[in-house]
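Some features that TrEMBL has for this protein:
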- 23-49: transmembrane segment (TRANSMEM)
- 28-510: domain 'Major facilitator superfamily (MFS) profile' (DOMAIN)
- 69-92: transmembrane segment (TRANSMEM)
- 104-123: transmembrane segment (TRANSMEM)
- 168-197: transmembrane segment (TRANSMEM)
- 217-236: transmembrane segment (TRANSMEM)
- 299-317: transmembrane segment (TRANSMEM)
- 354-374: transmembrane segment (TRANSMEM)
- 381-401: transmembrane segment (TRANSMEM)
- 407-424: transmembrane segment (TRANSMEM)
- 445-468: transmembrane segment (TRANSMEM)
- 488-506: transmembrane segment (TRANSMEM)
- 514-540: region 'Disordered' (REGION)
- 516-527: compositional bias 'Acidic residues' (COMPBIAS)
- 528-540: compositional bias 'Low complexity' (COMPBIAS)
Amino acid sequence: MARQEQQQHLQVLSALDAAKTQWYHFTAIVVAGMGFFTDAYDLFCISLVTKLLGRIYYTDLAKENPGSLPPNVAAAVNGVAFCGTLAGQLFFGWLGDKLGRKSVYGMTLLMMVICSIASGLSFSHTPTSVMATLCFFRFWLGFGIGGDYPLSATIMSEYANKKTRGAFIAAVFAMQGFGILAGGIVTLIISSAFRAGFPAPAYQDDRAGSTVHQADYVWRIILMLGAMPALLTYYWRMKMPETARYTALVAKNAKQAAADMSKVLQVEIQEEQDKLEQMVTRNSSSFGLFSRQFARRHGLHLVGTATTWFLLDIAFYSQNLFQKDIFTSINWIPKAKTMSALEEVFRIARAQTLIALCGTVPGYWFTVFLIDIVGRFAIQLLGFFMMTVFMLGLAVPYHHWTTKGNHIGFVVMYAFTFFFANFGPNSTTFIVPAEIFPARLRSTCHGISAAAGKAGAIIGSFGFLYAAQDPHKPDAGYKPGIGVRNSLFVLAGCNLLGFICTFLVPESKGKSLEEMSGEAEDDDDEVAAAGGAAVRPQTA
């Protein structure tokens, strides 16, 4: 069977599968990874400055507490980028299969650069119009970010060898952790510099003086700096050749694929155009996304990748975006009125940076080092299970954690939920959809799976904002919710469902992309399979 598959394979694809780790692999990781660094920075830095936006634009000096964003504005500012991301994942995922990965890759990066800068330049005369302008540009920023998900994953999977493919894709995604960390560090530096240059008293001591006029520059600078890493990698993205798998299997140009990969791998590769035409004639892999054949071979796989990503992101993004609210509720961050505006920004950034440093970043790199040893399936199951355990560990004795002297224990438990999210489903849900679908539908299916995840992120970011409100003393403008404790129970339930849905997802460790997608099979193989899936899930 292995010999038969080798005979059916084009030499250019076999060379990629068997290639030793080379410089071009690391170049691809950095070029694709810097896009993800930017994505994470842009998506999560907004949560660091929303309290500041409330103070600057919505403070009523007659009230005892500083201003905060009204519920509808807070939901829009936090969630609008996710709406754009969802749309971008679907659109650019589809476009990546139609026009090619490289053709679309530069578009997404330019959009991210322009909209990052424009977000920081959201000027107007009234608070409402400033927020509306900010939301407009953050939607289109999210649209560009959305395209980076399917394209980066697909490009890395199609460049990688089959032995270390999981680690390479995971390394691209791991840059998200550094992006979250960078957002916290940049905010710490900028808020510290402005605090030193423009000292201000606490709100309870001087309501008007606690928010200096220069604070308006802080959030703008933080948002605009998101353009820098994307801008620095644009040139290198444009120099990357189209992936051989797209050129050969989708564009049907074996000559160009062989020429491109001969340069990359620095070996002589035969064109084999005749062999490609024979494969196309023999293979029945021309079915579309909405065909019965796709539903039979990959339908459950797509349901599995989409539902697990959806359930994971409800928990992951609600935690990430509202860490500041959770930390305030356990008194780890002081009451707003006891701080100046810039001190509050500094303390929120410090708390989120600590969580990223201790829990978020290590989890990503555990995945990088272990995914091709342990496998995707086991890591995803372990991650969902441990997230459920730690969420329940936070929720059941919640009143204990909010008691003075127990806050450090809460933060440690909270950090472990992030560790197992990233050494678990947050990484694997990104990796697997780039490996198990046919080349001509790979980017589209990854986009659909990622869009399902962002639908979960929207539910998490909008829903948690309301659900986590205290049932007896909600924040100004909010209706009573179910409280943080009960919200944690709901998130634990989402993680448990994710654990169950993982059994729909196949194991792809050590297999070529053509094995996983069924493109290595011909019509006779498919008939012999009696209508089964191209690759069945492996649990061991």
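Yeah, the Cβs are placed from backbone N, Cα and C, and that goes for glycine too.
Just so you know, TrEMBL annotations are computer predictions that nobody has curated.
Among 104-123, 217-236, 299-317, 407-424, 445-468, 445-468 has the largest number of CB pairs under 8 A with the transmembrane segment (69-92). Comparison of 168-197, 354-374, 488-506 by number of C-beta pairs under 8 angstroms to the transmembrane segment (381-401) places 488-506 first. Summed and averaged per residue, pLDDT over the domain 'Major facilitator superfamily (MFS) profile' (28-510) gives 88.
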